[in-house]
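Note sheet for the following structure.
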Amino acid sequence: MHVYGTELRSRLLLGTAQYPSPAVMVEAIQASATEVVTVSLRREGAGGEQGMAGQRFWDVLRPLNLRVLPNTAGCHSVKEAVLTAHMAREVFDTRWIKLEVIGEHDTLQPDVFGLVEAARILIADGFQVFPYTTEDLVVAGRLLDAGCEVLMPWGSPIGSGRGLNNVYGLRTLRAHFPEVPLVVDAGIGLPSHAAQAMELGYDAVLLNTAVAGAGDPPRMAKAMAQAVEAGRAAFLADPVRARDMAAPSTPVLGMPVFS
Amino acid sequence: MIIVVNGKECTISATTLAGMLVELGLAETRIATAHGGAFVPRAARESCVLREGDKVEILAPMQGG
């Protein structure tokens with residue numbers, strides 16, 4: 001797939017949060033064969049072993065030579081998200097930003113009004129925006145009008161592991177924007193969810209908790225990678241449509257008559 | 001003077017943002033800064049003058065989803 005002119009061979013984007021240890025995170029990233037990992041920004045303490053957690057995290061991640069996609073997680077306003085994006089661009093030295101403007105505490109649902117506004121501002125400032133959005137068609141259109149070249153609709157709420165809550169909506173979004181790279185971001189809990197997103201024709205999936213929170217993150221990372229690959233292959237293979245009644249798969253022509 | 005760094009009061013003698021980062025041992029680290037709620041790019045830290053009670057945010061890489 002191509003996003004903002006960059007070719008990505010892996011269709012699995014992986015988060016870096018919530019792993020039991022940095023070593024397990026690295027192992028999971030390698031098992032997933034991902035090329036893009038999401039990262040974030042937080043306050044850095046001044047001096048001392050305790051205070052330099054951010055530098056240590058970066059020292060672990062940097063040698064993997066992956067493309068990083070910084071997020072604006074936790075931002076609830078356009079102003080916060082834009083400011084965080086600018087700071088992320090300097091820290092990570094990338095124009096890519098996973099734009100999150102959160103509108104609701106319980107569901108972490110995107111504030112799509114703020115999202116469109118922040119996307120416009122950031123694109124004018126030279127950012128390449130990956131908007132975390134819903135499957136809403138009208139919002140998708142506004143984001144594309146703003147200059148987004150990729151859309152990242154949620155499958156279900158962040159960290160819920162519920163899979164694809166609105167398959168109809170996701171399918172409709174895919175059908176309306178056949179040329180736009182679409183990534184299901186958030187809510188994937190199982191490889192079957194990831195495969196389903198890919199079978200719908202989505203270009204990639206972005207997930208974190210499903211791998212980091214599994215009992216064996218590297219094994220789950222590999223399972224997710226296999227699911228994404230299988231789902232993509234199935235989509236390209238043009239699957240049969242479901243039907244209500246049985247249809248014999250074994251030819252009936254030439255059946256013997258025994259009575 | 002007292003500057004509020006990442007929400008905590010901090011007594012420093014530097015008068016610029018760049019000077020403060022040196023004083024805090026963060027000058028060579030991978031960070032981004034904001035002063036009074038506005039982003040201060042690396043190149044502008046030297047000319048960013050601090051005054052008593054100013055608020056500074058210093059952000060660093062962190063795990064994210």
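Placement of Cβ uses the backbone N, Cα and C atoms for every residue, glycine included.
Unlike curated entries, TrEMBL annotations are predicted automatically.
Some features that TrEMBL has for this protein:
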type     : residues                                         : note
ACT_SITE : A:Lys98                                          : active site, schiff-base intermediate with DXP
BINDING  : A:Gly159, A:Ala186, A:Gly187, A:Asn208, A:Thr209 : 1-deoxy-D-xylulose 5-phosphate binding site
DOMAIN   : A:3-251                                          : domain 'Thiazole synthase ThiG'
For A:Asn208 (1-deoxy-D-xylulose 5-phosphate binding site), the number of other Cβ atoms found within 10 Å of its own Cβ: 24
Assigned element (helix, strand, coil) containing A:Gly159 (1-deoxy-D-xylulose 5-phosphate binding site), judged by DSSP: coil
DSSP state at A:Asn208 (1-deoxy-D-xylulose 5-phosphate binding site), helix/strand/coil: coil
Least buried by Cβ count (within 10 Å) of the binding-site residues A:Gly159, A:Gly187: A:Gly159
A:Lys98 (active site, schiff-base intermediate with DXP) versus A:Thr209 (1-deoxy-D-xylulose 5-phosphate binding site) - Cα distance in angstrom: 17
Distance, A:Lys98 (active site, schiff-base intermediate with DXP) to A:Gly159 (1-deoxy-D-xylulose 5-phosphate binding site) (CA atoms, angstrom): 16
Nearest-integer angstrom distance between the alpha carbons (Cα) of A:Gly187 (1-deoxy-D-xylulose 5-phosphate binding site) and A:Lys98 (active site, schiff-base intermediate with DXP): 16
Set of same-chain residues at least 6 away whose C-beta sits under 8 angstroms from A:Ala186 (1-deoxy-D-xylulose 5-phosphate binding site): A:Leu108, A:Tyr132, A:Trp154, A:Gly155, A:Ser156, A:Pro157, A:Ile158, A:Gly159, A:Leu206, A:Leu207
A:Lys98 (active site, schiff-base intermediate with DXP), number of other Cβ atoms within 10 Å: 29
Pairwise CA distance, A:Asn208 (1-deoxy-D-xylulose 5-phosphate binding site) versus the residue listed as 'active site, schiff-base intermediate with DXP', rounded so that it is a whole Å: 14
Integer mean pLDDT for the domain 'Thiazole synthase ThiG' (A:3-251): 95
Where A:Lys98 (active site, schiff-base intermediate with DXP) sits in the secondary structure, as DSSP reduces it to three classes: strand
